[in-house]
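Pulled from TrEMBL:
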{"type": "TRANSMEM", "residues": "12-30", "note": "transmembrane segment"}
{"type": "TRANSMEM", "residues": "50-75", "note": "transmembrane segment"}
{"type": "TRANSMEM", "residues": "87-107", "note": "transmembrane segment"}
{"type": "TRANSMEM", "residues": "119-141", "note": "transmembrane segment"}
{"type": "TRANSMEM", "residues": "148-167", "note": "transmembrane segment"}
Amino acid sequence: MNFQAINKKIRVQYLSILGLAIFISVWCIFSSPNNYDIVKMLIRSNFPVLFSQIILLSLMSWQILTFKSVAIMVGVRQKTEYVQKQLLFIVLLETSIYFGVYYVSFFLTGRKAFIDGSFVIGILILLLRFSFMIILAIIIAGIYQFSYPGVLIIFSILANLGYHYIFEMQYLLIQYSKIYDPVYRALHHIHMS
């Protein structure tokens, strides 16, 4: 595997992640009413979290697994640590690109950001989502040395789903605004789509 082929694979990976982020951003912006704030549109609606971020994790896993096939040759040349650092840098950069496009596209449309709740808690929710995906990207980068990569891939996907359904939906969104609390909505006869 020569450097031109590696650079081409990395460019394709960057373009696919950039395309994914742009697609999800455009979909979120045009499929939701103008009165949706950023937390409702990007966190509460399950499509961006459940599909696009799982695709992001899968693309990163595929990329690491591509390099895992030459791990023996890299080890013979004693470049394992260098390759691991480069792969870690790549997945962190890809996650940053994804969330940069994902969040900035919302603000570029001129919509109001935090209509339903507190600005501080809303920013913390978005930063926690980004930080959690960074942690999952680091775990995905560990596939290069791990003997059973499927375990880490499944763990990262399940952790993403668990974080979203258990921590974000059941706790963080309720702290952001009472309107996301199902009991509050039931008591006040509020229907939320």
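Even glycines carry a Cβ here, placed using N, Cα and C.
All annotation found in TrEMBL is predicted automatically rather than curated by experts.
Sequence-remote contacts of a segment are chain residues at least 6 beyond its ends whose Cβ falls under 8 Å from one of its Cβ atoms, and for the transmembrane segment (12-30) they are 41-42, 45, 47-48, 52, 55-56, 59, 63, 90, 94, 97-102, 105-106, 109. Sequence-distant contacts of the transmembrane segment (87-107) (same chain, six or more residues past either end, CB-CB distance under 8 Å): 10, 13-14, 17-18, 20-22, 24-26, 28-29, 38, 41-42, 48, 56, 59-60, 63-64, 67, 113, 126, 129-130, 133-134, 137-138, 140-141, 144.
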